[in-house]
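Chemist: Got these off Swiss-Prot a minute ago, pasting:
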{"type": "TOPO_DOM", "residues": "27-1314", "note": "topological domain 'Lumenal'"}
{"type": "CARBOHYD", "residues": "Asn306", "note": "N-linked glycosylation site"}
{"type": "CARBOHYD", "residues": "Asn331", "note": "N-linked glycosylation site"}
{"type": "REPEAT", "residues": "447-458", "note": "repeat 'BNR 4'"}
{"type": "REPEAT", "residues": "723-733", "note": "repeat 'BNR 6'"}
{"type": "REPEAT", "residues": "820-829", "note": "repeat 'BNR 7'"}
{"type": "CARBOHYD", "residues": "Asn864", "note": "N-linked glycosylation site"}
{"type": "CARBOHYD", "residues": "Asn973", "note": "N-linked glycosylation site"}
{"type": "TOPO_DOM", "residues": "1336-1364", "note": "topological domain 'Cytoplasmic'"}
{"type": "TOPO_DOM", "residues": "1386-1447", "note": "topological domain 'Lumenal'"}
Amino acid sequence: MRIWGRGAASWRTLLFVLSWTTTTLAKDDGPTIKVSKFKHPPLNMNYFEDSDVVLFHDMSENNIYRSDDAGVSWGKVAGVPDGVAYTLAMHEFDNSRAFIITDRREHFKTTDRGKSWEKFDSAAQTSRYRDQILSFHAGDPDRVIFNGMDCAGIFCNEVATYTTNNFKEAKTLRGSTEGCWWAKSSELFTTGKDDLDRQRVLCIGADSISPFKEDQRLFISDNFFEKIDGQVQQFEPNLDTNHGIQGVVNLAVVKKYLLVATTSINTDEMSLFVTDDTLKWHRAMFPAAHGHKVNQGAYTVLEGTNYSIQVDVMNTRPSNPMGVMFTSNSNGTFFVENLEHTNRNERGNVDFEKISGIQGIFLVNTVKNWEDVEKHGGSRKEVVTQITFDDGRTFHDIKAGDDRVHLHSVTHLDNVGRVFSSPAPGLVMGVGNTGGSLNDFEEGNLFVSDDAGASWKKALDGPHKYEFGDQGSLLVAVKDSKKDDVGEVSYSLDHGLNWKTAALPDGLKLKPEIITTTQDSTSLKFILVGSSGGDNYHVVALDFGGLQEKTCEDNDMEDWPARDADCFLKKEFKDPIPKTEDCECSDADFECDYNFIRKDGECEKAGPIVAPDEACKNAGPDTSFKGSSGWRLIPGNTCKRKDGSQKDDPVDRKCSDVVNSPAPPASGDITATQHIFKDTKLNDFEKIYLERGDSSSDSDETVIARAVEYENDGSMRVEQRVYRTRDHGKKWDEILEKEEIRGIYPHQYFKDAVFFTTKSRKVWYTIDRAEHFHEFEAPSDPGSGNPLSFHPDKKDWLIWVGQKCEKVDGKEQCFKEASISRDRGDNWRTALRYVQKCEFTGRSTYKFRDMRQIVCLTHKREDNESDNPKVIVSSNDFFEEDKQVRESNVKDFATMAEFIVVAAEDKEQKGLRALASLDGETYAAAHFPYNFEVSHQNAYTVLDSSTHAVNLFVATQLEKNQRQGSILKSNSNGTSYVMSAPKVNCDNNYFVDFEKIIGLEGVVLINSVTGKDKKGNKILRTEISHNDGSQWAYLPPPKADVNGKAYGCSSTYGDEKCALHLHHYTERLDKKKTFSAASVAGLMFGYGNIGSSLGPIEEADTFMTTDAGITWKSVKKGAWTWQYGDQGSIVVLVPRSTEDKKAKTKSISYTTNEGKDWKDFEFSQEEVTILDITSIRTGSSRNFLLWCRSSDGKTFSVNLDFTGLTDRPCVNPESGDSDYYLWSPTHPLQDNECDYNFELDPHKQCSLVPGKKPLSAEQYCKENPDAVSYYEPTGYRRIPLTTCVGGTELDKISEAHPCKGKEEEFEKLRGTSGVAIFFAIVIPIGIAAAVGWWVWRNYGSQFGQIRLGESSGFDNDAPWVKYPVIAVSAAVAVVAALPLLGSALWRTASSAYERVSGGGSGGGSWLNGGGQRRFTTRDSFARGRGDYASVDDDEGELLGDDSDEEV
């Protein structure tokens, strides 16, 4: 190939365009100009391609206007009612079709460029959540997918419909979607088969239970998801080689590729999967050299080529971002780095644009002073412009003469369409300046190039908006201005060498907004849009058609480039055609391959090599294969191969050098690695595990730890040394050595991030798993407690509640101030003063709330007077303009799942009243069942509400050491309650023996009180429910103990006289030590005894179940602490130690077959006290950490590594020799429970309580304002957890009636489908489903009970203040026991509690006060003492009482 351009690759593009050499006289003196005036801005202006027909959208009036003469005259489109246009969509593959989308089901379409419009029904309402409403088929314009929503219920469910005949008929495609696309969504993409190209559809499907994006999956159907024999015809593609992936959040079509992005809990790192046929997918691999990751909101898929994908990944602070640009190989899988320090803005736009019509050329802006910007986030960027002619292999400066030119690009968009170029061959324009770097836009001039950017010249002074016409023979520009002072347009007929001006008619002066023309830039007609004074908007039609008489002929044509035009082609809507010619390959046609970097003209290995499929399967590290030489042909390069050896010929490589290289053979041994923490005087540790997500590319197991000790008064001392390990405790090093760290706060949702506060306003943080550390200045002093609150979706959004002091009337007054940052602390804005706490309550999952919603508890006035009541305020715009007081006289609030629970004063009852809200704006009270009187001195505890209902514990016995209560269960919106379990045990602080089992929906363990013994102690029994608390049973006892000795009693299923009873939540030293683990479905451990009731813990033995509590067996004598590993294939037990009883040992016990056999492993030569055993919270690691103290007082950790036991990965469950067995619960599930004011009678039927009435229609419709209808009460209601469909629906066997005022909607629903009625009536809060996932991300696996109404400090100098549980006046406790996760899809759970207290005395403090205290761990140390923080944890907020205000 011949080289064209500086440093160009070896191909040449010949563009047959125009060349003119003669001069003709203008027919007229200038263009014809016509002005039209409008009251509102003409937005979304669109040409029908290859025509003069233009449409625009008046969004103020919701009307569409049309012009058929390139903007000269305008009128509203015919056949469409006024005020219905929600959006305007142009057909992507048919230049005569467009759609007017309304906010209803009836829309309008045109097939004749808008001349006439026809109504059509989309079979679904327009989605308000999705940008892309219509998805078009690239091969058949009649095939369209409509992404809509079904709002038959209170909340809207996203659905997709489709048509194969241009909406003559629309059919349902799929429900519960997050977007659907045709496989053939690009003209270049093909599945390889014509029938699949025509039919294949891809949908992102929401989980049937979980509303969270981490549970979404990709589904493919070739017959529109139809059912055959009751089965939906769909399949899940093997995104990750041999299995599907959950967490699919987006799909993009890029030329001939489909890209799918997935996410997972614990991290914002995403995985990108690529296919070029929808069948074979690959995970996009980025070079290992610099550790670049694709994070949510931090990557941009650029305009790709026909033969590769280009991606820019942000790698710096979000407030002043820069990126790295990568280009893939030809199948879109392996990316190599093209350019570092690309210029980006906060919206993800990248200063990058390809030159239109010419492959391989693009302009990009980079940051020259990148080191300063990385170090100091507020530094001004010095932006420079570069160009490449070989698709990013080499880059060059652009120059005007000898002066370097820098141009404003995509991050400063000043017009519609492309920034620099158009289909006009070789013509490029831009606004910029000469010099060392890019100046402000207002200081720029207009520059032009007619050789595709190889050379430039200044065209006009000042910044301009510009366009190309007549395939480049005409350039038009209008000066840019912030004022309405522009009264002329400029134009050039010689590629910008000379310019003329034309004045706007009648002395019109305007502020230019856009200038545009046809998409192919072949027209001589342009449209200028501008504004002048007030609400005057002008559409100016410019027609240069009469400017010259001569039309270009064949002898005016030559190979591009062509200049000095004095004729017009006048071939409107005919595009220039590029031709290519291939030459012999040279070094310039090759670049470094994946994980190779260029050095001294060679490509050196900088990371693992990719082996061909099957090359290193079952191979040893020294096995060799033919692999990459380090070079690859530049994607898309079609050079002719010469004879002989090639630069990219495969060479010999070793399997030890490849990605996922073979593991060394298993040794069969467990290894123990000890690390002594020298000079440590304290006796405990704060431990923070940085959990990984499924989409994480890291394989480390990082733990952060520091020594701590709790004083008798509850305060905590900490050592200043903070330690880090990246290999689960084999090696430790000290971090932040010179800093006096005060508090350590893991990010509640994104576990790669941890924040460290100091005694000053300096805050350190890491976002890459403690690899690197950055700092920011907080807006106020940290005060006591956790000052930070995090957003569930936006990693960089922070709320800081700190202490501010100022002089008021000569006296210093201190208060808490809430500040908000949207760029991870680089910039702060004050939200509220005199605030108690604030939380982000907006979330993408809860579509009924604004993503920006914040709820705060603050004082009504800005003072600290005792009579200053507290109020709940909310905002949907960060308190910039929106600030609404929602409730007054509030004591506190707590968030749990989708509920916001508020405790407010009830002055009539002289106590507290509880309210709840779903949307953060409307709060409603709850109704308790008949005969359940609630004293104002009672305590309320909200238990885990993960299964579509609130479990509310109400204390009924208040005597100290005898406290107990009833668990009431709500309907799905938390307003009416029925009895679930009476006489449930709680401690003196109203923490409850209640736990939902992780990994299985609906399985709950409680301890109930059956009386007193002779000493006056409570007699407790353990009960279990397998249908979310509707029915309870005792635990069946094993027949014999671990030694084979029979117990003193026996029972097949467990009964009052003989059952297994377990020590529960209230007796745990560490409130996070749960019975089960996230990744181990059905497996539970506990210690207790066999008999008629629970015995002393000193006499307890250890038991386990592998079937979720159906059967149990004894595994150890005495009480042992357990830890799960490798998804339950490893369980480790250690003797339980307490402060009073230090169990000493030098070995641990473990099983690798679910407790069938147990082995001991000696980890120490002398006996030591094991303070704790920890591992990754989900139970997926094969490493464990023992935290020990020796007899001579040394504190140390021991890593136990079980990876040596085996090197064989488990075989696929579907294979014949599978290592898995299919397990499913066998307990019968009841799908119904008693309704409000109904209870089980002696015949186990739900009967109306004597003297009471069922929930009335008026009450139901009032409490559910969006409900359309109600059923006459039958006595039954569905368990909110159940997902059953059809069958015996006991709540719907009665007659349905419309709510008042909803008669018309009722009739429409009744005529639509039973499914619609189901959603409208049965599930009034829709997406309350499966909030167990919410816990996994919101509250991780923290099982510490959140004490509402208390304040405590996690900092070493902040006392743990103990607050009362019950006051004489009133006490209401709202305690959140955080949710469990479903077996197949759910990963972890939590049982943390939150309590809203009215004040009083007594009670110990478990958590830190002030705002969202997220303590650290899954394992804590002593009763009444604080939990240590693990990254998984979210201890929730302490809902403070009045004494919290002391700051």
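Just so you know, glycine gets a Cβ as well, placed from its N, Cα and C.
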Chemist: Just to be sure I understand the packing, how many Cβ atoms besides its own are within 10 Å of the Cβ of Asn864 (N-linked glycosylation site)?
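Modeler: A count of 15.
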Chemist: Using the alpha carbons only, what distance in Å do you get between Asn864 (N-linked glycosylation site) and Asn331 (N-linked glycosylation site) once rounded?
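Modeler: With distance taken Cα to Cα, Asn331 (N-linked glycosylation site) is 65 Å from Asn864 (N-linked glycosylation site).
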Chemist: Have a look around Asn331 (N-linked glycosylation site) and count the other CB atoms within 10 A of its CB, chains all included.
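Modeler: Taking all protein chains shown, Asn331 (N-linked glycosylation site) has 18 Cβ neighbours within 10 Å.
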Chemist: In sequence order, what residues of the same chain, 6+ apart, have a Cβ less than 8 Å from the Cβ of Asn306 (N-linked glycosylation site)?
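Modeler: Expected: Leu188, Lys255, Lys256, Gln359, Gly636.
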Chemist: Quick check: in three-state DSSP terms, what is Asn864 (N-linked glycosylation site)?
Modeler: coil
Chemist: Could you give me three numbers for the repeat 'BNR 4' (447-458), the DSSP helix, strand and coil residue counts?
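Modeler: Counting residues by DSSP class gives 0 helix, 5 strand, 7 coil.
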Chemist: Please state whether DSSP places Asn331 (N-linked glycosylation site) in a helix, a strand or coil.
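Modeler: The three-state answer is coil.
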Chemist: Across the topological domain 'Lumenal' (27-1314), what is the average pLDDT of the model, as a whole number?
Modeler: 87
Chemist: What counts of helix, strand and coil residues does DSSP assign across the repeat 'BNR 6' (723-733)?
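Modeler: Its residues divide into 0 helix, 5 strand, 6 coil.
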Chemist: Could you check what DSSP calls Asn306 (N-linked glycosylation site) once collapsed to helix, strand or coil?
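Modeler: DSSP call for Asn306 (N-linked glycosylation site): coil, neither helix nor strand.
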